[in-house]
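Taken from Swiss-Prot, the feature domain 'Bulb-type lectin' covers 30-149, and the record attributes it to sequence analysis. According to Swiss-Prot, the N-linked glycosylation site annotation covers ASN49, ASN117, ASN208, ASN219, ASN261, ASN294, ASN353, ASN367, ASN390, ASN449, ASN459, on the basis of sequence analysis. What Swiss-Prot lists as disulfide bond is CYS310-CYS321, CYS316-CYS332, CYS400-CYS424, CYS404-CYS410, and the listing cites sequence analysis. The domain 'PAN' feature in Swiss-Prot is assigned to 360-447. The phosphothreonine feature in Swiss-Prot is assigned to THR521, THR690, THR695. Residues annotated as ATP binding site in Swiss-Prot: LEU536, GLY537, SER538, GLY539, GLY540, PHE541, GLY542, THR543, VAL544, LYS558.
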Amino acid sequence: MSSFHFYFPSVGLFSFFCFFLVSLATEPHIGLGSKLKASEPNRAWVSANGTFAIGFTRFKPTDRFLLSIWFAQLPGDPTIVWSPNRNSPVTKEAVLELEATGNLVLSDQNTVVWTSNTSNHGVESAVMSESGNFLLLGTEVTAGPTIWQSFSQPSDTLLPNQPLTVSLELTSNPSPSRHGHYSLKMLQQHTSLSLGLTYNINLDPHANYSYWSGPDISNVTGDVTAVLDDTGSFKIVYGESSIGAVYVYKNPVDDNRNYNNSSNLGLTKNPVLRRLVLENNGNLRLYRWDNDMNGSSQWVPEWAAVSNPCDIAGICGNGVCNLDRTKKNADCLCLPGSVKLPDQENAKLCSDNSSLVQECESNINRNGSFKISTVQETNYYFSERSVIENISDISNVRKCGEMCLSDCKCVASVYGLDDEKPYCWILKSLNFGGFRDPGSTLFVKTRANESYPSNSNNNDSKSRKSHGLRQKVLVIPIVVGMLVLVALLGMLLYYNLDRKRTLKRAAKNSLILCDSPVSFTYRDLQNCTNNFSQLLGSGGFGTVYKGTVAGETLVAVKRLDRALSHGEREFITEVNTIGSMHHMNLVRLCGYCSEDSHRLLVYEYMINGSLDKWIFSSEQTANLLDWRTRFEIAVATAQGIAYFHEQCRNRIIHCDIKPENILLDDNFCPKVSDFGLAKMMGREHSHVVTMIRGTRGYLAPEWVSNRPITVKADVYSYGMLLLEIVGGRRNLDMSYDAEDFFYPGWAYKELTNGTSLKAVDKRLQGVAEEEEVVKALKVAFWCIQDEVSMRPSMGEVVKLLEGTSDEINLPPMPQTILELIEEGLEDVYRAMRREFNNQLSSLTVNTITTSQSYRSSSRSHATCSYSSMSPR
């Protein structure tokens, strides 16, 4: 336990602070000539309130040290947030000195390890700030107040309000593969600009692969900066004075709101400590310091950029990444020609096979020395520098392997389909790692005189030892067999007796986290729903029941009411795809059942039910949502839809956006449900496939006119939903008279007359922000334009509602609404009234089959940050 930290023990009913008396200097300014020594690890320069300290920390498990900034008041090993010498630990002879010239120098045995390069720049003093930023300060007369700061040279951590500009990047500690490291920085690709994560090869500074990107910020103006704000939201700010913001992650809980309320009541509450870390496994993860009431404290993860570890390039070195049984961790497999590394630290990683190329270049009889090994359903990440050739007119799969064998520099080749057209990539390196891909085949060049899988380190001595060991084991086969049989019987008995308790543990450890869907048996779901006795509702795809898992966790179980055309494997594949989508405004898919003909989905339970119960209630005000809540729901719903339209790995058209499919949690945070239940479409496809249903009143005109269905159909449905949120009523409501039964026509009239507040739910009695009402109505009418090209994307809708775009022009009246009005609302009303009386239950449109067929390809699995050279 380090003596840097403060401790707060308690005895009986008395609590007191017990501080270890160490020489932590809390001077506000550090003068020229001040020093810190690694041989005196209990000395450090500390911020005014003791939150952060800069000094030397031990580089475990060695006896060397790092110059570091860390959280000074937290128990346990120091949580380091900055270090300039991570790759060059120093001995106990090291010294940090603020020299008389104003230069901050780290030296070890008279050798300079690192310097701030601020000699003769007017530095007068230094200070460790409460924000975690170490500053070298001048005077107003010389070079200004701040001459150098640690925030301008970030390591692997971003602290609240620490700017990450276009010229800066976070860099991880070396990855476990030892071949590379990860970085977070602004990526300029062709005409796009985004915040991205890349894997970089150490020996080749130009070899890198981008495997994750944040929202596209190509169209923003002014300086662009990524920042973690005080509320725990990670965003990109831009424009003059950074007034615009695009969220990478928006924290649903505003800690400052609770903090301010406590302050107003005369209470004290420590601000929440957070850090955003680029870990050496390639994931960008947000942590919050959690002080438990029971006295235990720890860093708790709040958000991660990547949910599937196999989406991270280089996580398995040059091996192939598979998910383990928990679906949360990477399980690394080696290709033919390579073996698991023997040292324990790299037990999951594989040896290199680059020697094949060298041997090939020095061997005259090249083809006779090597052969091709085939690895099914496997693809590889690669960059432009990894590629020898891309062959698009390959005749068959086998030909792709033969092409690699005939090329001396080829290490492997990948065959797959791109928009149903075959391709073959000839690769000279596999540094970025592989992943499972059902649509691809990998061909690996291996030595002809060896069979695989095998251990290339085998020698005669090891073979003799293993042979002798096998002989000894065979002496007692009967005894071993009996012991195994008894053990198996005991395990089987224990499993049967303890099944229910095991289910509860699994649910608590896996289901609640919802990182990946959990497989249930049909009997499991019968038990947790009390034989499907508590009906929550019926939707376009099935019936939903309330259930309880592990005796305490509420879930919603949807039983699909139609037989799916595809088999169990395809169903599970789609379930895993949906389950991998994590967004605060999407309902999490936590589990599934695929047993015989049963197909069920298990979702997180939303205590406040669906949005329609809150905006279409009667004159009673019990369920009345105020305007602020409505507008926040509208914005958040748009963010959720924009996510699966534009940001997730598989582009999805929802096809049934309506209030019944917008669920509300206990904080009235909206979550879109039923996404992905219609067929998924590849990023290169523009038409949705068969088995799609929608609800009348929310369907875009192209459904009726048999035009291609794109994501803009969801935009239309969202526009109709947004109108209903504003008006607090159905767009088509036969309980109104002929003049008012059609809300869009009435609302458009109020918008153009400048009396938009009259279009707001009458129960609110005019209590609403008029500017937001006008904005919502304009966006809604742009969304429901008849011409698809005139509708904005959902990403643009979010910007319009959040106010990060320019002034919204008045949209033209949609043609269908105009024709309806010109036809005469009185006649239309009478006709619809007759239909309403005759067919009360006819509310859904049956299955619509588009003319486009769908066929899966490797391209359909592309992430938004895929390399232009990679089929992924």
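Placed from the backbone N, Cα and C atoms, the Cβ positions cover glycine too.
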If we check Cα distances from THR521 (phosphothreonine), which of the binding-site residues LEU536, SER538, GLY542 wins as closest?
GLY542
What are the DSSP helix, strand and coil residue counts for the domain 'Bulb-type lectin' (30-149)?
0 helix, 54 strand, 66 coil
Could you tell me how many residues in the domain 'PAN' (360-447) are helical, how many are strand and how many are coil under DSSP?
18 helix, 44 strand, 26 coil
Quick one: Cα separation, CYS410 (disulfide bond) versus GLY542 (ATP binding site), in Å?
51
Average the per-residue pLDDT over the domain 'Bulb-type lectin' (30-149) and send me the rounded value.
92
If we count other C-beta atoms within 10 Å, could you say which of the disulfide-bonded residues CYS310, CYS316, CYS404 has the fewest?
CYS310
Tell me, by DSSP, whether CYS332 (disulfide bond) is helix, strand or coil?
strand
DSSP-derived structure type at CYS310 (disulfide bond), helix or strand or else coil:
helix
Per DSSP, to which secondary structure element type does SER538 (ATP binding site) belong, with helix, strand and coil as the options?
strand
What does DSSP say about ASN219 (N-linked glycosylation site): helix, strand or coil?
coil
Around ASN117 (N-linked glycosylation site), how many other CB atoms lie within 10 A of its CB?
10
Are there recorded positions among CYS316, CYS424, LEU536 that sit within 10 Å of ASN390 (N-linked glycosylation site), Cα to Cα? If so, list them; otherwise say none.
CYS424
Which one is it: of the recorded positions CYS400, CYS410, LEU536, VAL544, which Cβ has the fewest other Cβ atoms within 10 Å in this structure?
LEU536
Which is it, of ASN49, ASN208, ASN219, ASN449, SER538: the one of these recorded positions whose Cβ has the most other Cβ atoms within 10 Å?
ASN208
ASN390 (N-linked glycosylation site): tally of other CB atoms within 10 A of its CB:
14
When the Cα-Cα distance from VAL544 (ATP binding site) is computed for each of the recorded positions CYS310, CYS332, CYS424, ASN449, which gives the smallest value?
CYS310
Using DSSP with the three-state reduction, classify ASN208 (N-linked glycosylation site) as helix, strand or coil.
strand
Measuring Cα to Cα, tell me the gap between CYS321 (disulfide bond) and CYS332 (disulfide bond) in whole angstrom.
5
